[in-house]
Amino acid sequence: MPLSPPGPRPPASGALHPKREWERQPASTNPKRSPYSAGRRHLVCKGVEPEAPSEWQEKQLQQRCEGRGGQHPELTQLRGPRLPPPGVPGEAEQPAPELVEVEVGSTALLKCGLSQSQGDLSHVDWFSVHKEKRTLIFRVRQGQGQSERGEYEQRLSLQDRGATLALTQVTPHDERIFLCQGKRPRSQEYRIQLRVYKAPEEPNIQVNALGIPVNSKEPEEVATCVGRNGYPIPQVIWYKNGRPLKEEKNRVHIQSSQTVESSGLYTLQSILKAQLVKEDKDAQFYCELNYRLPSGNHMKESREVTVPVFYPTEKVWLEVEPVGMLKEGDRVEIRCLADGNPPPHFSISKQNPSTREAEEETTNDNGVLVLEPARKEHSGLYECQGLDLDTMISLPSEPQELLVNYVSDVRVSPAAPERQEGSSLTLTCEAESSQDLEFQWLREETGQVLERGPVLQLHDLKREAGGGYRCVASVPSISGLNRTQLVNVAIFGPPWMAFKERKVWVKENMVLNLSCEASGHPRPTISWNVNGTASEHHQDPQRVLSTLNVLVTPELLETVNLTTLTPDSNTTTGLSTSTASPHTRANSTSTERKLPEPESQGVVIVAVIVCILVLAVLGAVLYFLYKKGKLPCGRSGKQEITLPPSRKSEFVVEVKSDKLPEEMGLLQGSSGDKRAPGDQGEKYIDLRH
């Protein structure tokens, strides 16, 4: 049975398939020529020269030329009547094979198209045709299939009642013609062309890291694109900044090559070569693979890459960071920049204001001059020099003025003022700056703004006016640019105590923290008349704070001023201290206990007033009853005044200051305790020196 040439394969997108052309040759005079070819010209495939071919041989030659695996010579086809092979006169030409498309790894369903009128599907032989060789691969007898030994033995099965042959795990090697042949009632065949496809992997692009000079006379390699494991061979398209590149003489050249892997898949490698210009320094290049699958045409893109472009330097300039007005204390960086690649070797110089000559400055490893912290001495003219190491040409930049704004040290006069109470004082503040200045006077302790301007006047000075005053000189147009100076004003006078009197309750054997703060000019000295751990802190030139840690013991009660209450034998001994700060008496002592106060003096005064009112009302009632005769006159008896149970075991320790008798009565009444007539003796030990 003659074999018709395989039908033309639809080319993959971008794949190049050679044209088939057939060439008419004159009739041969060879006496051995077949009688069927008498008076006719024969067809010949270029590069193959048969001897006196017959019409049958011509057809076989045509199949051989069209069936060469991938290397098809160009053919020339001329029109003319076709003759059937010998032995089958008048038979019609076989139709084009049915096309079946599958992807690698899937299952191909090969359906035998023989109709019932052409043949009986219960008796069919399946063949594979490769390189003109027909190989039996499967038999169907009475609807039962049987694989032949060979490469398809384990991958074939019968489906659809014997009408379809299933080929599993398709590979590129399976791309060929499959033929089913029926034996009954007469021998007929049906051809199927199997096409196999495989999408390539993501394209991998590698840029030329060495770079391309713009003065190159020939196109230089820009990047290489590789697409692996595709079938058939995909088409590659190169892009620059989103626009496709085409071959251009002496400008753009694309060189592609293919490698066939052992699996039958193709690996495509494409090299882009081009002549680049300076404007291509930021150009984005990428490649695109176009391929076909049974579902249609597809594409994959690589990542974008930028190739280094080398071009000579034409301009050099200076750059200063940060941008804007600079001030003392800033970190300032001065660097040179150029429009060439690679950049030239830089050096930075500053003009000497005395000699007007440029002096080279020391830069870091990156060629950057760092001023940290910036000072007013760094102000001046700076210039950059760029030396091209290829041409040894030095290009200077334009000189640039650098101004570091500053505020000088603030001066206050008088520097250490001393005044008597009731006098006046004038303080003057001075400073220099590269910009306009504003002055403010602040009270150091409170931060209160006293005056806006360089002069502060103080009248009728009191002892409270002593202490710190701060002058602030600032530049309003530059945030953070300011200088300050503190001056202490001394007011002559005796020491002045800071704390007021108050009471706290303590217990025996606890540690009591006493503090005393005094101020005056000259600065006073504080001393204690009890043993303990004392420490002194100088708050400012006129103020001192002294603290004393003392253990509360029965012996301490004999040392300090105290009032004793006889405790009950069944109760626990306690202790109470009150701290007093005389106001204006020299060498007086004030103590402070950092514990919550049981009651305030206001509450004590209110309680005393209420008690007086109650006693007055009670006295009026008794007098009224006495007048009415309800009370017997001259009744005598003793009423024992006892302490409340909760207060019988307590001591009240009171540190005395120079109080008036009225104040002492109020303080004693505030304790809320009544004493027995025999327990009203007080012992006073003066803490003053």
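We number each residue from 1, going along the chain as drawn.
Heads up, the Cβ atoms here are built off N, Cα and C, so glycines get one too.
TrEMBL labels come from automatic prediction, so no person has curated them.
Per TrEMBL, the features are:
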REGION    1-93  region 'Disordered'
DOMAIN    89-193  domain 'Ig-like'
DOMAIN    203-306  domain 'Ig-like'
DOMAIN    308-385  domain 'Ig-like'
REGION    342-363  region 'Disordered'
DOMAIN    399-488  domain 'Ig-like'
DOMAIN    494-550  domain 'Ig-like'
COMPBIAS  563-575  compositional bias 'Low complexity'
REGION    563-597  region 'Disordered'
COMPBIAS  576-590  compositional bias 'Polar residues'
TRANSMEM  603-626  transmembrane segment
REGION    663-689  region 'Disordered'
COMPBIAS  672-689  compositional bias 'Basic and acidic residues'
Self-check item: Among 89-193, 203-306, 308-385, 494-550, stretch most in contact with the domain 'Ig-like' (399-488) (C-beta, under 8 angstroms)
Solution: 308-385
Quiz item: Mind checking which residues reach the region 'Disordered' (342-363)? Cβ under 8 Å, same chain, six or more beyond either end.
Solution: 310, 313, 316, 318, 334-336, 369, 380-389, 395, 399
Quiz item: What is the average pLDDT across the domain 'Ig-like' (308-385)?
Solution: 93
Self-check item: Three-state composition of the domain 'Ig-like' (308-385), taking helix and strand from DSSP
Solution: 3 helix, 38 strand, 37 coil
